[in-house]
């Protein structure tokens, strides 16, 4: 089999330094997630707080819950989820859609199935710097048909954030981030640049691939690969089926992290204040006192 190659200037390919299998666990109300970042083996990978591959069938879901101090990125792979928050934001995130939510100083929202069958997707939590943790909440949403996409020599990429193969996402990343959804046909070979100062990882969604160096063992679905130092990553699909994976990288914040569930701050005092604010519905949580999600 002859490799089809997309060439980029990579002088120091990143090696795989650690590998984790994301095992199913319960989350929300009856939902199943495969959590790779944010579990006991890997509590934090600066600036990433959590990565969940979720699978939800009604009536399971993620009913009313709060966030403060970070961003959530929801990327639907199959089915649809309803989203609603205490500011009156309502909508449906459908197949291939992306919702980039900046929780900032405070959001209470719900995420529930919007269609029959099983809804599947990814949710990534990205930390915010101390200067941005208390900003006003914001949303950036892109429908699946509007996501930047490029295809070249057996490689397709959907650009959620950042740039690849000449395609660039319009998403503004407060914490500088790249989020790329690659599909490699059998025989394809990818070289993708990554800023040298950033942390980066791969999560395999379908098929099996070789990452880092040609001699590496193939990696299959639901595995998270942490990448070491370098200016890019190489991947090969030597199987007879398509390989699909996400490549995510971000600029480390280098700040203390104190987390209590859905609250992520820099000090214990800030966490204590957040709990007080939420319990008393103040300082960003005023509308939480009387809000309950509606039925779509």
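Every residue, even glycine, has its Cβ placed from backbone N, Cα and C.
What TrEMBL records for 65, 67, 109, 111 is Fe cation binding site. The domain 'Pirin N-terminal' feature in TrEMBL is assigned to 33-126. The feature domain 'Pirin C-terminal' is assigned by TrEMBL to 179-282.
The sparsest Cβ neighbourhood within 10 Å, among the listed binding-site residues (65, 109), is found at 65. In the predicted model, the domain 'Pirin C-terminal' (179-282) shows an average pLDDT of 98.
For residue 67 (Fe cation binding site), the count of additional Cβ atoms within 10 Å of its Cβ stands at 22 [all protein chains shown]. Counting every protein chain shown, the Cβ of residue 111 (Fe cation binding site) has 27 other Cβ atoms within 10 Å.
For the domain 'Pirin N-terminal' (33-126), the DSSP counts in helix, strand and coil order read 0 helix, 65 strand, 29 coil. Here the domain 'Pirin C-terminal' (179-282) has, by DSSP, the following mix of helix, strand and coil residues: 13 helix, 48 strand, 43 coil.
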